[in-house]
Amino acid sequence: MATDGLHENETLASLKSEAESLKGKLEEERAKLHDVELHQVAERVEALGQFVMKTRRTLKGHGNKVLCMDWCKDKRRIVSSSQDGKVIVWDSFTTNKEHAVTMPCTWVMACAYAPSGCAIACGGLDNKCSVYPLTFDKNENMAAKKKSVAMHTNYLSACSFTNSDMQILTASGDGTCALWDVESGQLLQSFHGHGADVLCLDLAPSETGNTFVSGGCDKKAMVWDMRSGQCVQAFETHESDVNSVRYYPSGDAFASGSDDATCRLYDLRADREVAIYSKESIIFGASSVDFSLSGRLLFAGYNDYTINVWDVLKGSRVSILFGHENRVSTLRVSPDGTAFCSGSWDHTLRVWA
């Protein structure tokens with residue numbers, strides 16, 4: 001028995017060293033392609049002028065920390081979820097609440113609008129993803145029509161519909177992501193590869209939508225093929241949890257925000273990190289990131305209650321937005337790019353333009 005154990009340990013050690021040497025070779029190959037820096041290419045690009053954005057609407061109604069939000073494709077409605085166990089659908093123009101659902105658990109960490117605008121999905125510490133159809137009848141009991149779609153073995157950290165209402169992608173504290181059929185609740189594909197809790201995901205913006213990116217507590221951002229379930233690219237340059245990932249509008253790159261107080265840009269074609277957005281004065285983690293419609297600006301919410309706006313090409317900060325009275329937990333640009341909404345632990349959401 002002892003010799004078996006010894007043999008196993010030797011095999012493990014040799015496999016580990018082989019993996020390390022392969023990692024080294026990969027890094028060498030990546031370095032060969034690294035012939036220019038983004039800021040050098042951007043030197044010819046004109047700098048952005050003075051940039052002013054203000055809070056245009058404040059959405060009040062949650063009784064505790066706002067944890068997640070998403071825009072409807074109609075560019076007007078917003079869904080938000082909170083630690084108070086409530087999920088609220090808002091009219092961002094009037095600040096009216098159109099629907100409210102009380103979940104069976106507190107800490108509703110994930111919510112998403114269906115592409116049709118006719119349903120919302122949400123979940124959190126109940127380990128599952130629930131889909132609620134939205135109707136115009138205010139008296140109808142939404143909870144009665146609830147569908148439980150996804151079941152994880154730990155908390156649900158993020159969810160997103162694919163390009164139709166029929167499938168939903170989820171990320172969980174159990175270290176996996178999964179693709180589910182909404183109608184049957186059947187698991188279509190699972191994605192294993194993160195070494196710790198998965199905290200965020202984002203679907204590629206292409207019409208086919210066959211890839212998505214995820215980030216987690218293992219400091220990694222991973223790109224997945226939804227058809228095969230395989231990880232096709234992995235990036236491990238952050239020094240702490242990856243809290244947020246967002247595809248560049250063209251789909252050729254993505255940004256990440258981390259507890260290491262930096263945001264980073266990864267080019268998928270160059271297969272490497274191409275920019276870091278940080279300042280010595282920023283010492284708090286970035287909780288949420290999103291791009292402007294053109295991709296020139298990166299909005300990032302931080303745990304020091306601020307929102308920083310970065311010039312993606314130059315790597316410089318062009319604006320800093322104050323207003324929230326606690327950490328900014330979630331942030332999304334509207335589908336038409338005219339505004340963005342932020343949610344905070346101060347119990348409110350703010351629409352900026």
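For all residues, glycine too, the Cβ spot is worked out from N, Cα and C.
Marked as repeat 'WD 1' by Swiss-Prot: 61-100. Summarising the annotation, Swiss-Prot assigns repeat 'WD 2' to 103-142. The repeat 'WD 3' feature in Swiss-Prot is assigned to 151-192. If you look up Swiss-Prot, you'll see 194-236 marked as repeat 'WD 4'. Taken from Swiss-Prot, the feature repeat 'WD 5' covers 237-276. The repeat 'WD 6' annotation in Swiss-Prot covers 278-320. The repeat 'WD 7' feature in Swiss-Prot is assigned to 323-352.
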Checklist entry - In terms of Cβ proximity under 8 Å, which residues at least six beyond the ends of the repeat 'WD 3' (151-192) contact it? => result 68, 107, 109-116, 118-119, 121-129, 131, 198-203, 207, 209, 212, 214, 216, 224, 226-227, 229, 231
Checklist entry - What stretch, picked from 194-236, 237-276, 323-352, has the most CB pairs under 8 A with the repeat 'WD 1' (61-100)? => result 323-352
Checklist entry - Going along the chain, which residues at least six beyond the ends of the repeat 'WD 2' (103-142) come within the CB cut-off of under 8 Å? => result 64, 67-74, 77, 79-87, 89, 148-161, 163-165, 168, 170-172, 180, 182
Item to check | Segment confidence, the repeat 'WD 1' (61-100), expressed as mean pLDDT | outcome: 98
Checklist entry - Which residues, given as numbers and ranges, are at least 6 beyond the ends of the repeat 'WD 4' (194-236) yet have a Cβ under 8 Å from it? => result 154, 157-158, 160, 162-163, 169, 171-177, 179, 242-247, 249-251, 254, 256, 258, 266, 268, 271-273
Checklist entry - Tally of helix, strand and coil residues over the repeat 'WD 7' (323-352) according to DSSP? => result 0 helix, 16 strand, 14 coil
